[in-house]
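Here is the structure we will look at.
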Amino acid sequence: MLHIERVRLSIIEMPLKKPFTTHLGTLGNRQSIIIEVIDRDGVSGFGEAVAFSSPWYTEETTKTEWHILNDYLIPGLFNQEINHPNEVSSLFDSIRRNEMAKSGIETAIWDLYAKKQAEPLSKLLGGSRKEVPTGAVVATQNAEAAIKQIEKFQEEGYQRIKVKISPGNDIDFLKAVRKEYPNLPLMADANSAYTLDDIEQLKALDDFQLMMIEQPLSVTDMVDHATLQKHISTPICLDESITSFHDAYSAIKLGSCQIINIKMGRVGGLENAKRIHDLCVEHHIKVWCGGMIEFGVSRAHNLALATLEGFTIPGDIVSSQHYWEKDIIEPFVEVNNGMISVPTGAGIGFSINRKRLKEVTISYEEYVKGKGV
Ligand SMILES: O=C(O)CCC(=O)C1=CC=C[C@@H](O)[C@@H]1C(=O)O
Ligand SMILES: [Mg+2]
């Protein structure tokens, strides 16, 4: 039985080592909310609310998460007796959407629960992998720079490369990449840059032997993706369209995709992520673990999730040092020959460098039992 006694929220901020560019803009600085839930025995669990500072990827932002966490999600926790983290997402049923805020708290409670059970989070999720294959994202629209980044990722052993494409930055870009790397396991993420009017361009992508095209059409679409999949041989992977178990169910029913990028933040936490994984395995839909250019707490949770048997495609789980000068976890997540070893310690299996957390904290709120209820 878990009794949450205190919650500590820290908005942290770090510059990326290299800007992350898509057709939607460039991310140079990253904020995230680190959530520490502390039970009556003084045991801490950590989660990370991963919305960006502006609503370019989903409708949530660091500020909306701060509001929903402060005013809705946390106050309701103090008088709850939680038997299992699987109960947490239904506690939030009366609060619509706000999946990343919910995921931040839910994952922190999963970490706390696993620590109380003295078990690795991966084991409690039902994961069996002792190491996880991983891929990397080339986030530049400049072909020359992209080829240089791919060369570095190849040296580091990443098992597949994801590039970003959009109208006017697709065919020639992919031709340049394929010229240098004809056999590279390669996928492309469009972040909803196309419409069905672009169908001829999208058909042309079939010449590049892509593993998949991720989210080519509107972030809320299922129907046009199903139409598009009938016209192209490249498998469609959905990302932004899948914000819930029901979205995954609908996409599978409609034939909108052959692959789903599962991000626990986008779908409200680990329980929902696991349910979507199980549904996809049942319906022979491939899944992989997406990233959110996050810090070490969410990266550690992704690692635990990616140990589930259905995660057969290398995910977006790069090393801590790819993005950050100094992450907030110890040890850092490291990639060796394209694999990441799964920690065997209790919970997420990484500890928090509190000194570093304090250094990069820009705003802070602590709740004690009774406040906010
Ligand atoms: O976390 C990573 O290493 C990269 C993740 C990544 O590619 C994305 C994160 C968030 C928004 C997008 O730009 C993109 C995606 O759509 O998957
Ligand atoms: Mg994506």
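Note that Cβ sites are derived from N, Cα and C of the backbone, with glycine treated the same way.
Counting residue by residue with DSSP, the domain 'Mandelate racemase/muconate lactonizing enzyme C-terminal' (143-235) contains 46 helix, 12 strand, 35 coil. What TrEMBL lists as domain 'Mandelate racemase/muconate lactonizing enzyme C-terminal' is 143-235.
Proximity of LYS164 (active site, proton donor) to non-local residues of its own chain (separation of 6 or more, Cβ distance below 8 Å) is seen for THR21, THR22, HIS23, VAL137, VAL138, ALA139, THR140, GLN141, ALA188, ASP189, ALA190, ASN191, given in sequence order. If you look up TrEMBL, you'll see LYS164 marked as active site, proton donor.
Here the Cβ of ASP239 (Mg(2+) binding site) has 21 other Cβ atoms within 10 Å, regardless of which shown protein chain they belong to. Positions annotated as Mg(2+) binding site by TrEMBL: ASP189, GLU214, ASP239.
Other Cβ atoms within 10 Å of the Cβ of LYS263 (active site, proton acceptor), summed over all protein chains shown, number 28. For LYS263, the entry in TrEMBL reads active site, proton acceptor.
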* Structure fact -> Of LYS164, GLU214, ASP239, LYS263, the recorded positions whose C-beta sits under 6 angstroms from any atom of ligand 2 are GLU214, ASP239
* Structure fact -> Result for ligand 1 contact check over recorded positions LYS164, ASP189, LYS263 with Cβ cutoff under 6 A is ASP189
* Structure fact -> Cβ-Cβ distance under 8 Å, sequence separation of 6 or more, same chain as GLU214 (Mg(2+) binding site); the residues meeting this, in order, are LYS162, MET187, ALA188, ASP189, ALA190, ASN191, CYS237, LEU238, ASP239, ASN261
* Structure fact -> Those same-chain residues, other than ASP189, GLU214, ASP239, found with Cβ within 8 Å of the centroid of the Mg(2+)-site Cβ atoms are LYS162, MET187, ALA190, ASN191, MET212, ILE213, GLN215, CYS237, LEU238, GLU240, ASN261, GLY290
